[in-house]
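Asker: Take a look at this one; I'll ask things after.
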Amino acid sequence: MVKADANISTKTYIDRSSSKFQNPNFAIEENRLLVCVKKMEVGVGFDENDYLSCCGSTKFAKEMAAASPFPSYHRALTVAKHIWFNIVDVNGWLQAFSAHPSIGQPRPPSHASATSAEWSIGEQSTALATSTASSLQELAEWNARYMQKFGFVFLVCASGRSTESLLAELKRRYANKPIVEFEIAAQEQMKITELRLGKLFTSKKNISSTTDTNSIAVAQSQRAEEVRVSIIGGHVTAAASNTLTGKSIQNTSRTRPAITTHVLDVSRGYPAPGIEVLLEVWRGSQAGPTFGITDGGGWVVLGSSTTDSDGRSGQLMDIVDDVDPGIYRLTFNTGKYNPTGFFPYATIVFEILESQKREHFHVPLLLSPFSFSTYRGS
């Protein structure tokens with residue numbers, strides 16, 4: 001069991017050699033938090049549940065609660081690092097990782113605490129504010145790839161970081177070997193824990209009688225700011241899933257629609273922006289459309305969108321666990337994109353079988369003025 005040393009100096013501490021100072025927003029927030037914890041004994045009156053909000057490992061929470069209170073934030077942080085890297089085992093690391101939502105989707109796992117959920121929204125507020133429908137979809141796709149390769153959520157200290165920078169880091173780290181990535185994720189978890197310990201120790205519950213009036217004011221101001229960020233983050237999340245896409249996201253294990261597409265202009269070697277896309281499903285009286293026979297209105301529109309600067313369409317259908325088996329049709333308004341081209345529009349018809357209803361279907365269009373092709377991707 002780790003115990004705090006009562007004789008340790010109460011001065012504040014920042015390790016400026018740490019890699020986290022490559023992110024200036026992290027440094028600014030940490031400095032602001034340290035103003036609050038200076039001159040106070042920290043960890044007074046907190047239990048395992050409080051520390052579980054900072055790090056989702058029950059072993060970490062138990063050890064921190066047993067070691068509390070601490071004479072300074074510096075000492076608390078030293079103890080927290082020792083517990084995380086030397087006492088918590090691999091299962092504890094995985095348990096902590098699982099308490100985080102995916103980047104771009106701050107809705108927390110069901111077992112995460114309310115405080116942890118609130119902090120997650122605040123930590124991702126910058127990413128959500130700088131996102132678009134297409135960037136959120138791309139994040140979801142890469143999150144799914146990452147999870148499939150490594151077996152745990154992509155973990156990064158997202159505070160103050162844009163969607164673009166987070167997506168770039170996700171792609172870069174995806175190339176890592178699993179053992180390397182596991183260690184990096186543990187380091188990122190510790191960065192998040194540092195920020196959350198600062199927030200926890202500056203909460204009104206923890207301010208002792210030795211804290212001066214200015215520290216109380218700063219702590220209360222920080223709490224008010226955190227609440228505002230959480231509210232804004234919630235609205236941005238709703239906008240990303242509803243306003244921007246016009247489609248609902250149900251309670252599902254999927255992170256993206258079952259059918260997606262993008263358009264590449266192969267004659268230029270660039271994505272094709274501004275192309276209108278229509279997704280339909282066959283709902284006619286017959287089992288499916290018959291070659292050479294007019295369909296007679298059997299197609300039903302599921303959704304429409306326009307490709308963005310990356311050539312990706314927005315969300316064309318609701319996100320559900322099981323996509324309905326059947327015949328689907330993607331139609332692209334290629335004539336509007338290239339009025340002098342050979343094709344006024346291009347249509348791709350494909351079938352999803354009963355055995356494939358939980359799979360993902362990425363059906364891109366590779367376009368040039370006098371030809372087009374497609375394939376089934378994932």
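Note that Cβ sites are derived from N, Cα and C of the backbone, with glycine treated the same way.
Heads up, TrEMBL stuff is auto-annotated, nobody curated it.
Below are the features listed in TrEMBL for this protein:
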type: DOMAIN; residues: 52-197; note: domain 'Oxo-4-hydroxy-4-carboxy-5-ureidoimidazoline decarboxylase'
type: DOMAIN; residues: 259-377; note: domain 'Transthyretin/hydroxyisourate hydrolase'
type: BINDING; residues: His262, Arg312, Tyr375; note: substrate binding site
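How about a rundown of where these features are and what they're close to?
Answerer: For the domain 'Transthyretin/hydroxyisourate hydrolase' (259-377), the mean pLDDT of the prediction comes to 88.
For Arg312 (substrate binding site), the number of other Cβ atoms no farther than 10 Å from its own Cβ, over all displayed protein chains, is 23.
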Asker: Cβ distance under 8 Å to His262 (substrate binding site), same chain, sequence separation 6 or more: which residues?
Answerer: Pro271, Thr307, Asp310, Gly311, Arg312, Ser313, His362, Pro364, Leu365
Asker: Tell me the Cβ neighbour count for Tyr375 (substrate binding site), meaning other Cβ atoms within 10 Å of its Cβ, over all protein chains shown.
Answerer: 9
